[in-house]
Each structure stands twice: as C-alpha cells, then as structure tokens.
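Visitor: Reproduced below are the annotations present in TrEMBL:
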COMPBIAS  8-17  compositional bias 'Basic and acidic residues'
REGION    1-30  region 'Disordered'
REPEAT    34-120  repeat 'Solcar'
REPEAT    132-217  repeat 'Solcar'
REPEAT    227-315  repeat 'Solcar'
Amino acid sequence: MGNGVREGPADFKRQDVEPVASTHLPAEENQEKKKVLNSLMSGALAGAVAKTAVAPLDRTKIMFQVSSKRFSAKEAYRLIYRTYLNEGFWSLWRGNSATMVRVIPYAAIQFCAHEEYKQLLGSYYGFQGKALTPFPRFIAGSLAGTTAAMLTYPLDMVRARMAVTPKEMYSNIVHVFIRISREEGLKTLYRGFTPTIIGVIPYAGLSFFTYETLKKLHADHSGKSQPSPPERLLFGACAGLIGQSASYPLDVVRRRMQTAGVMGHTYSSILLTMQEIVREEGLIRGLYKGLSMNWVKGPIAVGISFTTFDLTQILLRKLQHGSKVER
C-alpha cells in the first residue's frame, strides 16, 4: 500500500506538468514569430517611405557619382530641371520601382536583423532586456547592414543601372537582369559587391549606433521612456549624417563599378577605381562628389526611415495588445 501511495502522486504530477509545457512553448514561439513579422513589416514600410521621399535627389546624386562632371548645388539643380523639362516630372523617380524592389526587402531584413542581433548580443554580454553598451551597439548595426546587403545586392546593381541610363535602354527591371546577364555575364550583377560590404559596416554600424545612443541619452536626461516623433526624426537625421559621411568614398567607388559597363569604363578593383577617380578628378572632388547633396538627402531619408520603423512597431504592438484584450 505504501508503494501505491508513492506511485499515485508521482503519476499525477507527471500528467499535470506535461500540458503546461506543451502550451507554454508554443506561446513563446508565437510571440517570437509575431515580433519578427512586426520587424519585417515595419522595416519594409520604413524603407519604402524614406527612399520614395528622396528619390529625385538620390537619382541626381548617382548621375554625378558615375560621371566626371564637377558637382555643385547649382549644377545639381540644373540637372534636375533639365530632366524635368526633357523627360517629364515622373522621370525624376526613374529607377524608383527598382529601388522599391530592392529597398523593401533590404530595409525589412536590416531592421529585423538588427532587432535579432541586439537580442543575441544582449544575451552574450549579459544585457538582456537592457540597452547595449557602445561596442555591441555598433556591432549589431554593422551585422544588420551586412546581412541585408549580402542578400539583396543584385537589386542594388539593377537600380543603379536604371538610374543612369535612358528609359529606351532598359524597359523594366527584368529587362535589366536579362541584358546584363546576356551581354556582360552573371558576375556583373555582383560588380561593386566588395566596396558595398566594406562601406556598409561603418555606415550601418554608425547609423544604428548613433540613433540608439541618442535615444538612450534622451531617456536618461528627460526621464521619458520614448522620444517624440520630431525628436526621432532629429536623431535619425544625425545618424544618417554621420553614417553616410563615414562611408561615402566607398559609395562612389561602388557606383562607378556598378555602372562601368554602360559608362565606357573598366574598373577592375576598389584600389584601381579609387586611383583613377583621384587621378582624373582629385581626392575631394572625386571621392566626395555629391557629398553635400547627401548631407541633405541622407539625414532626411534616415530620419524618416528610423521614425517610420519605430512608430509602426509601436502601432502594431498596440493593435495586437488591443486584439488580445478584446478576446
């Protein structure tokens, strides 16, 4: 009888524990899936809104980057005005469809990866649930940018080609892929890949680092857990200014290598491309051509991007919380 008493509770406990474990784990998995999906959706929207807002300036910057013409604000204005007169208002957004095809997955992957890397690094360094220290903060941003760039690079190549060529040359995105593959080889779709990856490490790292740091400083000094939308825009603008300035020469090199096939050049490596640009146009006028336009375009785009991401995340969380309360 003693054995019967001991076995009875043991059997009861085993039956009692199993249902709890089976319901608890799926709930955690569903929560994680929702978090990832929210990050992907918020990132996709953030990228689309930001890039569309600055598309005319972006196209103008690329056209100067890939040519030997001297850049100035006056010449940039003339180019935009001539494009408007000759090709119409919507031509200022030429290549934006390719930009959207690239930037929506790029931004979705980058923002989602950043959230995941923050969580992983937080666990590794023992900061789970708290703000990361400066170095892990920079690493999380760099890894996020690198991941997104690696997975979407051919789309960036196509977008650059569409931005600098007349619409008669390439009718749509698919046409660009077909012509490049047929006439220049599939390897061409990855031309400029190395400077892109080298450049995205300081760009994404410093951008995310600056934005996250400014939000933390704001919370520490103001006592508010979240900054207002205008403050987010300002923090994002600072992040864009610092990040893009740090990696700009590599951005010029990337564009030259991407468009070499249609601009009559044969750039074979990063160093040779830099040497040729410096020899023909000078260090500042060549490798930093269009930087002043980037100081206008970059802060606007990055500010809109970070703000849209954060506000969309907050909105989605509220909607999900509201639906739970209703149920």
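In case you wondered, yes, glycine gets a Cβ from its N, Cα and C as well.
TrEMBL does not curate its annotations; it predicts them automatically.
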Visitor: Please average pLDDT over the repeat 'Solcar' (34-120) for the predicted structure.
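Guide: A mean pLDDT of 86 is what the model gives the repeat 'Solcar' (34-120).
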Visitor: From the DSSP assignment alone, can you count helix, strand and coil residues within the repeat 'Solcar' (34-120)?
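Guide: Across the repeat 'Solcar' (34-120), the residues distribute as 76 helix, 0 strand, 11 coil.
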